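Student: Okay, handing you the structure first.
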Amino acid sequence: MAEFWASPYGFALSMLLQGLAVIAFVMGSLIFMVYGDRKIWAAVQMRRGPNVVGPWGLLQTFADALKYIVKEIVIPAGADKFVYFLAPFLSMMLALFAFVVIPFDEGWVMANINVGILFIFAASSLEVYGVIMGGWASNSKYPFLASLRSAAQMISYEVSLGLIIIGIIISTGSMNLTAIVEAHGGDYGLLNWYWLPHLPMVVLFFVSALAECNRPPFDLVEAESELVAGFMTEYSSTPYLLFMAGEYIAMYLMCALLSLLFFGGWLSPVPFIADGWWWMVIKMWFWFYMFAMVKAIVPRYRYDQLMRIGWKVFLPLSLGWVVLVAILARYEILGGFWARFAVGG
């Protein structure tokens, strides 16, 4: 048996099983993310939320997914059918593909590569193409204009996200996500984590993640309270479901990055409790709860306000933070407190 797993066939089978496990975990989480999102929103508005299908409404997401799947796929006249169907599939698969390098525990990662951060950015940057393709292939000017606005929004906030992560890379001296989590280790639990020295960037990263995922209050392209759905206006049935799934998976990816970069990943917040994958899941769900609460309580921004805050506030702040962290690391200024965080751990 050991010889089989060491052979190319065994390696291929191992990668296949790991890939299926990642897909099962993310898609299983997706079902309860949609349910939790609706329940939290309902609680803030003093409603019950989903409560009909299954106990406590737990099967409501399955019923909604089935409803989308059995509906007719209406293709607009003159649409590019190949690109029309490729766009939602591409959006979902790229978001799912990024989880290949996400470690849930020590050794619990499908591909423990040294450029994990770059891999995630490459995958997330390509998601813009799915949005553009979906708007263009619909053969309608309104979805196409919405896709351009959405692409501009996503690209704008990717710049800030990248600069924020550069600060973490300087502090840890690595782009390997497992190494970044290991750099959080220490005798003081959560006080050793990078949220403390990089606290302003935690706030900027969270808000930028909202804009990157088209989540409220930055859901200007496909606001749920409006009559149209932005670049997805001409989509229905399963393709529309794939677009929705891609957005939730991308949001879950941002929750994972927040947990790994700033909050110790699978490390325990207190030294006397064992580390484990459950801490990673708890932290991801905490950040998802924060995403849902923002959706429920924060009013929507105008598009000009969204772009202004991205380019005139977040970009200068994140760039200035990179310069500050680089200076502290290079000259070992403020040794003691910053020596632990700004000189490669």
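In case you wondered, yes, glycine gets a Cβ from its N, Cα and C as well.
Dumping what Swiss-Prot says about this protein:
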TRANSMEM  15-35  transmembrane segment
TRANSMEM  82-102  transmembrane segment
TRANSMEM  115-135  transmembrane segment
TRANSMEM  161-181  transmembrane segment
TRANSMEM  190-210  transmembrane segment
TRANSMEM  240-262  transmembrane segment
TRANSMEM  278-298  transmembrane segment
TRANSMEM  309-329  transmembrane segment
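Help me understand the surroundings of these features in the structure.
Tutor: Packing against the transmembrane segment (15-35) from elsewhere in the chain are residues 50, 57-58, 60-62, 64-65, 96, 99-100, 110, 245, 248-249, 251-252, 288: each is 6 or more residues past its ends and has a CB under 8 Å from a CB in it.
A Cβ distance under 8 Å defines the sequence-distant neighbours of the transmembrane segment (82-102), meaning residues of its chain 6+ beyond its ends; these are 19, 22-23, 26, 75, 109-113, 116, 119-120, 123-124, 126-127, 129-131, 133-134, 136-138, 177, 235, 239-240, 242-243, 245-247, 249-250, 253, 256, 260.
Sequence-remote contacts of a segment are chain residues at least 6 beyond its ends whose Cβ falls under 8 Å from one of its Cβ atoms, and for the transmembrane segment (115-135) they are 83-84, 86-88, 90-91, 94-95, 97-98, 100-102, 143-148, 150-151, 154-155, 158, 162, 165, 169, 175-178, 212, 231-232, 235, 243, 246, 250, 253, 257.
The list of residues near the transmembrane segment (309-329) in space but at least 6 beyond its ends in sequence, with Cβ under 8 angstroms from a Cβ of it, reads 153, 156-157, 159-160, 163-164, 166-167, 170-171, 198, 200-201, 204, 207-208, 211, 301, 338, 342-344.
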Student: For the transmembrane segment (161-181), could you work out the same-chain residues 6 or more beyond its ends whose Cβ comes under 8 Å from its Cβ atoms?
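Tutor: Sequence-remote neighbours of the transmembrane segment (161-181) are 101-103, 106, 109, 112-118, 121, 194, 197-198, 201, 204-205, 208-209, 212, 260-262, 264-267, 315, 318-319, 321-322, 325-326, 329, 341-342, 344-345.
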